[in-house]
Structure formats: C-alpha cells, structure tokens
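Enquirer: I'd like to ask some things about the structure below.
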Amino acid sequence: MALIVQKYGGSSVGSVERIQAVAKRVYKTVQAGNSVVVVVSAMGKTTDGLVKLANEISKSPNRREMDMLLSTGEQVTIALLSMALQEIGQAAISMTGAQVGIVTEAEHTRARILHIETGRLMGQINLGKVVVVAGFQGISSARKMEITTLGRGGSDTSAVALAAALGANFCEIYTDVPGILTTDPRLVPEAQLMTEITCDEMLELASLGAKVLHPRAVEIARNYGVPLVVRSSWTDQPGTWVTTSRTQERSLVNLELARPVDAIEFDINQAKFSLLRVPDKPGVAARLFGEISRQNVDVDLIIQSIHEGNTNDIAFTVNTHILKRDEAIAASIAPALRSQPNSDEAEVLVESNTAKVSISGAGMIGRPGVAAKIFATLAQAKVNIQMISTSEVKVSCLVDATDCDRAIVALCNAFEITASPAVLASPTPESPAVRGVALDMNQARLAIRQVPDQPGMAAKLFGLLAEYNISVDMIIQSQRCRVVDGVTRRDIAFTVARMDVENAQQKLTQVADELGWGEVVLDNAIAKVSIVGSGMVGQPGIAAKMFTALAENKINIQMIATSEIKISCVVGQDEGVKALQVIHTAFDLAGSEKFVVPV
Ligand SMILES: Nc1ncnc2c1ncn2[C@@H]1O[C@H](COP(=O)(O)OP(=O)(O)O)[C@@H](O)[C@H]1O
Ligand SMILES: N[C@@H](CC(=O)OP(=O)(O)O)C(=O)O
C-alpha cells in the first residue's frame, strides 16, 4: 500500500462534471489499496476572476486582503470534491491550509512554506479518509492565523511540499496535457511527450516559461527526492516522470527556505573572447558560432548585450586548452562579420587570464537577495566582475584569474560551504542535447546606460532590486567600455518579470544621480525563447544551430545568455511564437501526433 499525493489543477476541476471525474479517479486509487491526499486548485479560471474583481476596486490592492480573497477559490473546490467523493461512497474530509497546518512566512501573496504539521492529516488518513487539501494557501503562524498564498501557480508547490512532509511514495500532478512535452502544445501542436526528464532540466524549463510545473515544486522534489509524475486527468497514460539523482537527508524545518546555495565551483582555465561592434542583424551570431562549431570548439558561456547604435557586442568563453586555435578562428571570421571592409566593426579582444566562479542551488529561485549577496560578497573582496551569466539555479561570474582565490574564499565564508573545481555534468548517452524549448512572453528588459565599471556596482544595483523582492534574469554587462567624466563605464541590461518592470525602472532611476549611472531604458516588447538539455554539455554546435534557425527565419537576436544546460535568446515580442516553432523544428523535436489541448 502506498501513500500518494495527487494534485488536480484548475483545468481538471473546472466544472461539476470534471470534479466528479476526479472523484472517480481518486476512488479508483483508494480501491487499489492506496491512501490518498488530494490537493486541488480553484475551479478553472476562478483565481483570474478574483484578481480582476480586486483590480476593479483598487489599482494596488492590499496584499493581506488579496490573500483573503484569492484563497477562497480553492476552498470552494475542496468542499465540492469532498462531497463528490462522499457521494460515491468514499469517506473524505476537506481541509484548508490553516486546518492542515501549512505554516508559511508572513509574506502575503508570495509566501514560502516553512513547515507542515502532518499529525491532523495522518489522523484522518488512518481513519480511512481521503483528505482533500486546498492548494496555494497556508497560514503565517499558528498564533497569528493570517491566511497567506504562495503566489500564482502555487498548488503544485503545496502538493510536492505535502508529499515531502508526509514521506509519500510519490506525487502525481494531474493536468490538461498528457505530461511534459518538448514544448507548449498550444503553440506547437506537434510537440512530443517525454517519458522522463531530470529535475535539473525541468527546473530550467519551468523557470523559462513552461508552466506545466511550477519551478518551486520542482525545487522541493529535487531537494527532498520526491518522485514526481505529471499526467493527464482525462486519460490513463503513464505521463512524464521527473527524476532526481541524489538526496541527502534534509530537515523538514524551513522547508522552502533551506540553504539557498548548494555549491560553489570554479574553473581557472577560461579565456574570454569579446567581439565588439558586431552588426545588429539576423545571422551574425549564427555565422560566428557556426564557424566555431565547425572547428569543433565547445564554447561555455555566451552573452550578447543590447545594441548601441546599430551594433552589438558578443562575448563567449572557451577552455584555455584550445585558446590558440580559437583565437585564430575568431580572427579569421571577424572580417566576414563586418558590413564594410576596413570598418571598425567586429574587433576581437581576447583575455586569457580569466576564471569562472559559479554559485548554484535551487534555493535561489525567486529569492533575489541571494544573487545580491553574491555580488555584495565579491564587491567586499574587491573582485571586479567581467561577465555575468545567470540561470534560475546558477550565477556564474567571470573574474580576473588573479582574483579567483579571493573570490572563492569570500563566497565560501558568506555561504558557509566549501568550493570545488567545476566538473562538467556528464550527460548520459540517452540525454538529448535539447530536451525542450520554452517561451516566456512575460518578461521585459531594462538597460542601464553608463554604469561605472567598479567593484560593487552589480551589488548595489541588484541589492536595491532585491529589497523590493524583484528577481532579475539574464543579466548582461556590455563588453564595450566608454570613459565619461574620467570614469570607465559599461551598460548593464537584464530582464525582469513584466509585472515588476515599472517599479524596477522607477527605483533604479531614483538613485541614478547618487550612483552615477545614466538613463534606465525599458523595453516591454520582448520575448525570451530558450532551449534546455543536459546533453548539450560538451557538445559543440548546439548554440550555432539555434542561432541559425532564427537567422534563416530573419529573426533578430537582441540578447543571448547561456548556462551549462540552457541557451536563451531575447527576440522581439511579435516574433516569439515563430521563434519557438522554428527552433523546435530545427532540433527535430516534432512528433507525428498533433495534440489538441481540451478547452
Ligand atoms: N513543455 C510543456 N509541456 C506540457 N505543457 C506545457 C508545456 N509548456 C507549457 N505548457 C502548458 O501548461 C499547461 C498546463 O499548466 P496549467 O494551465 O497551469 O495547468 P493546471 O490548471 O492543471 O495547473 C498546458 O495546458 C500547456 O499549455
Ligand atoms: N488557483 C491558483 C493556484 C494554482 O496553482 O492554480 P493552477 O493549478 O490551476 O495553475 C492560481 O490560479 O494561481
């Protein structure tokens, strides 16, 4: 007999008939000899409707009252599903987050789970009842009894956290698609179903826009080794398993606030190439990285900054073992990238004495204070950051090789862990280079012009945003420097969630004079398209293939950022869906079947 947590999302409980169908599935699972805890979301688009109501009354509703309002959606579903279960002869009881004892921090509308009392739940399970729990909600403390919510899409997080706390055998996420597909089937009907995906890959995909699973839920599954499967609530297909590799015993106290950083790694054999003033037109990145991959050179980090005038800067790192060869390649390609012979475009700069320091951990997701602490720590140690490359679970900084030891000591002290040389994740033979493609249309870009190039600037900038709980992604410093008023300056561009962008722009503009930077430019009309796959590690040519697919379709790349297992490109908003489709095709991810997502 197994203890199973099943989660049913809004689409699975969108009508009375669907709730009755869910009840039957739960009943069948119990009949097969299992104990079941069910976590449900609000019916259909109820939460959106409640948000709309609040916005009709206030432009910025009080966050406590917002939680009071939004938590009602799930309360309707738990009662109805319990009734439906009782109606077919299955003993059941509904419970709100407060009744279960899902204790969270006191951050209204985005609370993290601290711990879950399991006594009351287990008592009911031992009486033979199915417990139906309201997802997405908790209470800030047993004494204060303030209702909190976990943030939109938070029911996945409730379910996996409950599975971890109860030591459940596995957690099933039921939704309106048959599992995790190579991309969103609503945008690419030929998307293929996967039988499994690693937690690391799913974390990237989820945080890059694949909303089938919430990244916080994947984070908990990874940290606590919870077996997790995504399945369709309309069929009996086996779905997609999200696999975890290792788990050390971990305390269930401060469940979502456990150690934010798991590892500090360094690689002292990195060389940085910068191509300055590369023409800003489709095809340039494809040409450059196409040639590099034809020479079988594997690039590690790639960044392309925002354009200034009509040119961009592209920088990438390679292992110093192949530096000489790569130097020759970049120098030979540069003339071909110029729009006119003898122009000052595509100047190649090589810095061979650089080192990469990376900080990783799933706990940094949605916690902007962690990235800010990394930058603050490096600033205090007087380490200047030459290049920053970010993903939701990793921040890599390229620093001068002579600063590497100092950087590591400072970071190890700050995060209380030890460092180790970077070991490339070794993909298994089955790991495809590209597992999935994701599109995020909810990001906006901010560019700060002429930021003084001194240690501490990134710390101030991201520390300030962290104070307002604004998470930053795709941070890119331009490679080009400019001296203004005797100070060397660079532009810094980054993406943030669109809902935070105006606030971020305002806060950064307010301190512009004090911190000595220029204009803060906002672009809302962007889309971010990303490929993810642990098999891309050590395999040259993946970036080139992605850039070529975009170039062949005349889609201009505005920004590039990579981490070990993902490559993201920012393109114009109106080209986002097309970009997703052509990349999906380029990597041969399409299957023979077409998915139609039920409405
Ligand atoms: N890679 C992907 N695989 C499967 N579904 C995806 C993917 N990327 C995005 N989706 C979307 O996620 C949706 C399911 O998430 P969501 O609407 O939050 O479901 P629920 O209401 O069950 O919580 C699917 O209908 C699909 O459009
Ligand atoms: N009802 C909440 C929580 C949730 O997770 O919903 P769903 O499982 O339908 O995405 C929301 O809409 O944000």
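Cβ atoms here come from the backbone N, Cα and C positions, even for glycine.
From a predicted model like this one, the values you see are computed outputs, not experimental measurements.
Annotations per TrEMBL:
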- 273-353: domain 'ACT' (DOMAIN)
- 359-426: domain 'ACT' (DOMAIN)
- 446-529: domain 'ACT' (DOMAIN)
- 531-599: domain 'ACT' (DOMAIN)
Enquirer: I'd like the per-state residue tally for the domain 'ACT' (273-353) from DSSP, helix first, then strand, then coil.
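Expert: For that range the per-state counts are 29 helix, 27 strand, 25 coil.
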Enquirer: Considering only Cβ pairs under 8 Å, which range in 359-426, 446-529, 531-599 makes the most contacts with the domain 'ACT' (273-353)?
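Expert: The stretch with the most contacts is 531-599.
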Enquirer: Summarise the domain 'ACT' (531-599) by DSSP state, stating how many residues are helix, strand and coil.
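Expert: Taking the domain 'ACT' (531-599) as a whole: 28 helix, 14 strand, 27 coil.
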Enquirer: Work out, from DSSP, the number of helix, strand and coil residues along the domain 'ACT' (359-426).
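Expert: The composition, in the requested order, is 31 helix, 19 strand, 18 coil.
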Enquirer: Give the residue counts of the domain 'ACT' (446-529) per reduced DSSP state, in the order helix, strand, coil.
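Expert: Computed counts for the domain 'ACT' (446-529) are 28 helix, 35 strand, 21 coil.
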Enquirer: To what whole number does the mean pLDDT across the domain 'ACT' (359-426) round?
Expert: 83
